[in-house]
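Asks: Let me begin by handing over the structure; questions about it come next.
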Amino acid sequence: MNKRIHYYSRLTTPADKALIAPDHVVPGPEECYVYSPLGSAYKLQSYTEGYGKNTSLVTIFMIWNTMMGTSILSIPWGIKQAGFTTGMCVIILMGLLTLYCCYRVVKSRTMISSLDTTTWEYPDVCRHYFGSFGQWSSLLFSLVSLIGAMIVYWVLMSNFLFNTGKFIFNFVHHINDTDTILSTNNSNPVICPSAGSGGHPDNSSMIFYANDTGAQQFEKWWDKSRTVPFYLVGLLLPLLNFKSPSFFSKFNILGTVSVLYLIFLVTFKAVRLGFHLEFHWFIPTEFFVPEIRFQFPQLTGVLTLAFFIHNCIITLLKNNKKQENNVRDLCIAYMLVTLTYLYIGVLVFASFPSPPLSKDCIEQNFLDNFPSSDTLSFIARIFLLFQMMTVYPLLGYLARVQLLGHIFGDIYPSIFHVLILNLIIVGAGVIMACFYPNIGGIIRYSGAACGLAFVFIYPSLIYIISLHQEERLTWPKLVFHVFIIILGVANLIVQFFM
């Protein structure tokens with residue numbers, strides 16, 4: 001249908017609207033979804049062709065809300081890997097770089113003057129310049145980002161479900177879960193789960209009960225990596241097989257509430273814990289990491305996905321009432337996202353109590369640094385768990401649309417096809433939750449992979465080709481955009497050596 005609409009629109013001049021597709025063949029609002037892999041996935045409520053109804057304030061908030069997501073949990077860990085000063089600089093620079101590439105995406109349609117591109121999305125632009133290769137490669141990298149996000153969600157949902165059950169069990173049986181873990185001894189305990197485990201997250205419950213059969217049975221059947229990931233299968237696999245995910249899109253507000261609550265939680269903990277900082281530029285100490293560390297590319301991989309909205313930015317900005325403000329609103333939204341990441345990352349890193357704990361104890365999910373018995377962290381995990389359980393079926397639906405829709409021409413060819421696809425996606429999540437529950441690693445790998453195409457290569461290459469066709473390409477512009485492409489390739493390659 002999309003190809004047919006484009007074919008009809010080319011039978012007349014761009015100024016002639018006689019063969020523009022009528023409303024009854026254009027997908028209705030209930031079929032239009034936007035998503036950012038680790039942010040929000042939700043149904044567009046006011047999608048219209050050409051001109052939108054949203055004010056600039058609403059547009060800015062929609063971009064912020066769509067981009068903001070679970071990657072925020074790994075920002076403090078990324079700052080720890082890069083060093084405090086280096087981490088802040090990397091966040092700002094990556095924000096500027098991804099903003100520029102996103103700006104190039106927004107402007108990509110206007111570079112095609114010979115066709116009417118008012119109804120085009122970014123994959124249409126890629127297909128115009130690169131043919132079927134652009135279409136299928138954009139599909140491939142889009143699926144990488146979607147499936148990577150779904151794996152991260154499964155790992156985090158297993159984590160949050162485990163800690164929620166553990167909180168309830170410990171509360172009922174009056175058990176203190178900080179007794180056997182390296183932690184601070186005050187009214188706001190902070191723990192170091194990776195102490196004594198080689199710096200890797202401990203997948204067990206980390207508590208050993210003596211002469212308590214009930215507690216030992218709980219430990220056996222409620223294990224973070226051996227049992228809990230499988231419990232989620234019975235809950236989420238049936239939801240993935242729904243023909244329409246519109247019911248789950250009603251809960252998008254949970255994403256906003258979760259992020260706002262995380263900001264409150266981090267602020268409250270920072271006020272209670274105070275700041276603990278020492279500056280050592282190159283040499284680590286017992287409790288502090290140096291300001292400059294060569295692991296900083298791990299943070300760039302995380303940030304590539306954290307700032308990723310390039311796949312749906314054109315759709316979001318179509319709804320802006322004043323189209324001339326698109327670039328300004330995009331810049332403001334990116335600035336707010338960057339400030340949010342800086343706020344969360346800096347406060348968690350600076351307030352982490354060193355001594356007695358080392359800054360190297362900051363986990364890939366910073367909520368793991370708070371014990372299961374912490375009430376405020378328990379509330380945060382509940383919010384995030386329910387938010388992810390509503391977004392996960394939406395991401396599964398989008399993966400189904402992109403893969404089955406392209407291969408079979410039908411997003412629901414049969415229950416058998418859908419079930420096989422969902423079993424593969426769920427199986428990947430369960431395997432990673434059991435054997436590699438490191439969300440920072442998963443985010444940076446999938447972020448660097450999908451960012452290579454959507455963030456770095458396609459926007460720059462399309463701009464170079466369009467300038468060359470118009471005979472306006474200059475050496476400085478060519479060198480600058482080739483440099484961006486090289487940065488994207490290097491960002492992906494270096495992840496495998498860190």
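A Cβ is built for glycine as well, from the same backbone N, Cα and C atoms used for every other residue.
Under the heading domain 'Amino acid transporter transmembrane', TrEMBL lists 56-176, 236-494. The transmembrane segment annotation in TrEMBL covers 57-79, 85-106, 136-156, 228-244, 251-275, 295-317, 329-350, 378-399, 411-439, 445-466, 478-497.
Distances, neighbours, how buried they are, the whole picture for these features please.
Replies: Sequence-distant neighbours of the transmembrane segment (57-79) (same chain, 6+ residues past either end, Cβ-Cβ under 8 Å): 34-40, 42, 87-88, 91, 152-153, 156, 255-256, 259, 262, 298-299, 302-303, 305-309, 312-313, 316-317, 319-320, 329-330, 332-334, 336-337, 340-341, 344-346, 348-349, 352, 362-367, 384, 388, 439-440, 443, 447.
Counting same-chain residues at least six beyond the ends of the transmembrane segment (295-317), those with a Cβ under 8 angstroms from any Cβ of the stretch are 32, 34-39, 44, 47, 59, 62-63, 66-67, 69, 71-72, 74-75, 78-79, 81-83, 86-87, 90-91, 94-95, 98-99, 101-102, 105-106, 109, 120-122, 142, 145, 148-149, 323, 326, 329-330, 334, 337, 341, 440, 443-448, 450-451, 454-455, 459, 491, 494-495, 498.
Counting residues 6+ beyond its ends, the transmembrane segment (411-439) has Cβ neighbours under 8 Å at 70, 73-74, 147, 150-156, 158-159, 200-201, 203, 224-226, 228-230, 232-233, 236-237, 240-241, 243, 364-365, 396, 399-401, 403-405 in the same chain.
Sequence-distant contacts of the transmembrane segment (445-466) (same chain, six or more residues past either end, CB-CB distance under 8 Å): 37, 71, 98, 101-102, 104-105, 107-108, 111-112, 122, 125-126, 129, 134, 137-138, 141-142, 144-145, 147-149, 151-152, 300-308, 310-311, 473, 477-478, 481-482, 484-485, 487-489, 491-492, 495.
Same-chain residues lying 6+ beyond the ends of the transmembrane segment (478-497) with a Cβ under 8 Å from its Cβ atoms: 97, 101, 297-298, 300-301, 304, 444-445, 448-449, 451-452, 455-457, 460-461, 463-464.
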Asks: Determine which recorded stretch among 85-106, 228-244, 329-350, 378-399 has the most C-beta pairs below 8 angstroms with the transmembrane segment (136-156).
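Replies: Against the transmembrane segment (136-156), the leading stretch is 378-399.
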Asks: Please identify the stretch among 85-106, 228-244, 251-275, 329-350 with the greatest number of Cβ pairs below 8 Å relative to the transmembrane segment (378-399).
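Replies: Selected stretch: 251-275, with the most Cβ pairs under 8 Å.
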Asks: Under an 8 Å Cβ to Cβ limit, what residues of the same chain, 6 or more beyond the ends of the transmembrane segment (251-275), are close to it?
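Replies: Here the qualifying positions are 39-43, 65, 68-69, 72-73, 187-188, 190, 340, 343-344, 347-348, 350-353, 370, 376-377, 379-380, 383-384, 386-387, 390-391.
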Asks: By DSSP, how many residues in the domain 'Amino acid transporter transmembrane' (56-176) are helix, how many strand, and how many coil?
Replies: 105 helix, 0 strand, 16 coil
